[in-house]
Amino acid sequence: MKSLLALVAGNLVTAVSGHGYLTVPASRTRLGFEAGIDTCPECSILEPVSAWPDLTAAQVGRSGPCGYNARVSVDYNQPGDYWGNEPVVSYTAGDVVEVQWCVDHNGDHGGMFTYGICQNQTLVDLFLTPGYLPTNEEKQAAEDCFLEGELSCLHVPGQTCNYNPDCSAGEPCYQNDWFTCNAFQADNNRACQGVDGAALNSCMTTIAGGYTVTKKIKIPDYSSSHTLLRFRWNSFQTAQVYLHCADIAIVGGSGSSPSPTSTTSTATSTTTPSSTSCASAISIPVTFNALVTTTYGENVYLAGSISQLGSWSTSSAVALSASKYSSSSPLWTVTVDLPVGATFEYKYIKKESDGSIVWESGPNRSYTVPTGCSGTTATESGAWR
């Protein structure tokens with residue numbers, strides 16, 4: 001069966017141009033896309049490599065654990081202006097949280113995927129240091145650490161963890177600690193898009209529209225003021241692996257690591273209590289940073305599906321501040337106290353000087369407020385679409 005599908009894949013490879021990337025929590029790739037730097041976030045690809053049936057055979061090379069997009073020559077293994085300088089979300093050790101990636105309609109190659117957290121802070125710090133690009137050897141060492149720190153499907157009580165239907169017993173891929181896509185040639189709910197069964201354009205890709213792929217992971221008993229969550233998808237159809245990472249913080253764990261001393265970001269960082277026990281927050285301040293180019297008289301607002309964001313009413317939308325705006329960095333920002341665990345949709349809008357409203361394009365953005373100790377903060381960054 002695999003040899004037949006490989007032949008079919010070989011005949012189709014020139015037609016397949018879209019793939020997938022981590023969206024929740026916001027990966028470095030997603031932030032690069034929203035900032036207008038990455039024109040094809042689903043196109044960070046490690047290829048050609050041995051991706052199947054041995055899921056860990058491929059060396060990550062230049063792609064590293066965070067991905068390299070050759071289309072735009074962006075290496076996400078080092079911090080940039082719009083990613084890598086601070087956590088995008090703070091989690092509490094032991095929590096079960098929802099994670100999501102986006103697969104393109106034209107590049108749903110089936111296969112299996114996994115998440116990992118490397119608990120070697122010295123290694124991780126190499127990927128948090130502005131101006132430093134880790135070597136290929138350091139990238140591989142980090143990927144090995146992420147594989148060791150796998151966040152297994154089986155760690156989440158009650159979660160269904162199936163074997164991949166395109167993998168036979170006895171093959172290295174016959175394991176259910178990794179998450180699996182559905183059968184590549186299934187008549188209904190095929191491959192990775194079949195995991196959620198979501199509608200086309202339920203998430204954003206630039207080739208043919210995307211489908212969400214949602215699972216749950218359990219945050220390990222570990223603490224770090226800034227670390228990385230790595231996502232890896234091994235394709236069944238093609239000789240490709242997709243790697244992405246998101247900057248996160250973890251509080252409340254028994255194991256801990258010192259804050260990185262090599263980073264020099266002046267952006268507001270997520271605060272984390274030093275105690276391993278803490279009072280849980282009821283709400284946390286979430287800072288929304290949006291890159292929106294405006295003209296004199298225009299103002300930017302945040303409208304969303306919850307009451308704190310006006311329940312989609314433009315007259316009750318939350319105003320952003322342009323106090324940090326410049327021609328080179330058109331930043332609008334606002335901090336809103338939001339209830340922990342709340343999941344909502346939102347969009348940015350412009351209010352013109354004549355009172356007219358302009359909504360940004362594309363599907364609604366989505367966000368889940370993290371849980372954490374009292375004093376925890378979170379940041380969500382994006383760019384006008």
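Count begins at 1; order follows the chain as displayed.
The backbone N, Cα and C atoms fix where each Cβ goes, and this holds for glycine too.
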- Query: Pick from TYR222, TYR242, TYR296: which one does Swiss-Prot list with HIS19, HIS109 for the same Cu(2+) site?
  - Reply: TYR242
- Task: Among CYS192, CYS203, CYS245, find the residue that Swiss-Prot gives as the disulfide bond partner of CYS102.
- Result: CYS203
- If you pull up Swiss-Prot, which of CYS40, CYS43, CYS66 shows a disulphide to CYS245? CYS66
- Within 10 angstroms of the C-beta of CYS40 (disulfide bond), the count of other C-beta atoms across all shown chains comes to 19
- Just name the most isolated of the glycosylation sites ASN120, ASN364, going by other Cβ atoms within 10 Å of its Cβ. ASN364
- Long-range same-chain neighbours of CYS102 (disulfide bond), Cβ under 8 Å, sequence gap at least 6? GLY20, TYR21, THR23, GLU42, CYS203, MET204, THR205, GLY210, TYR211, THR212, VAL213
- Task: Take the Cβ of CYS245 (disulfide bond) and count every other Cβ within 10 Å, whichever protein chain it belongs to.
- Result: 31
- Task: Taking Cα atoms as reference points, rank the disulfide-bonded residues CYS40, CYS173, CYS181 by distance from CYS245 (disulfide bond) and give the first.
- Result: CYS40
- Item | For CYS43 (disulfide bond), the one of ASN120, CYS167, CYS181 that lies nearest, given that the recorded positions are compared by Cα | CYS181
